[in-house]
Amino acid sequence: MKINVIIIDKKGKDQLYAPLIEHYKKISKPFAKVEVIELFDKEIAKAQDISPEAAQRSYSKALEKYLGSGINIALDPASKEVDSFEFAKLLKDSVTVNFYIGGAYGFERDFLSKCNNAVSFGKITLSHKLVKVVLMEQIFRGLTINHNHPYHK
């Protein structure tokens, strides 16, 4: 199984969260190969200075090239909240799963409609760095639920 976490975020490892991301990638290896793809270019930076709508269009343009294969799931605070068991079902019986984390202005509705699903981790606002860690932990938890591993009790 292959899981991609595709995020609109400036590239580069931060000192605080990067070790946690690497930890979850490592412990997920018996179940799936997990990759994190960070996208942020001059076009996105410029668009964010113009307007929220321009920013969303630039995010869609950057993210759409990853929509071609697998199951595509956007993290969207306005979408259905899921618990860990519902999240695990999203991973079950899939060969490739792509998770999308939008930029500061979220997703265009058109991009969300191209995804197979959109889910929310709740109504709180999390930084991009932190939501990446939460997603990585939930991916590992979901994989362990699906494999009857004792991590989730």
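From the backbone N, Cα and C atoms, a Cβ is placed for every residue, glycine too.
Remember, predicted model here, so these are calculated numbers, not experimental data.
If you look up Swiss-Prot, you'll see L63, G102, F121, G122, K123, I124, T125, L126 marked as S-adenosyl-L-methionine binding site, on the strength of sequence analysis. In three-state terms derived from DSSP, I124 (S-adenosyl-L-methionine binding site) belongs to neither a helical nor a strand segment and is classed as coil.
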Chain-internal residues, separated by at least six, CB under 8 A from K123 (S-adenosyl-L-methionine binding site)
P77, E81
Other CB atoms, at most 10 A from the CB of G122 (S-adenosyl-L-methionine binding site)
10
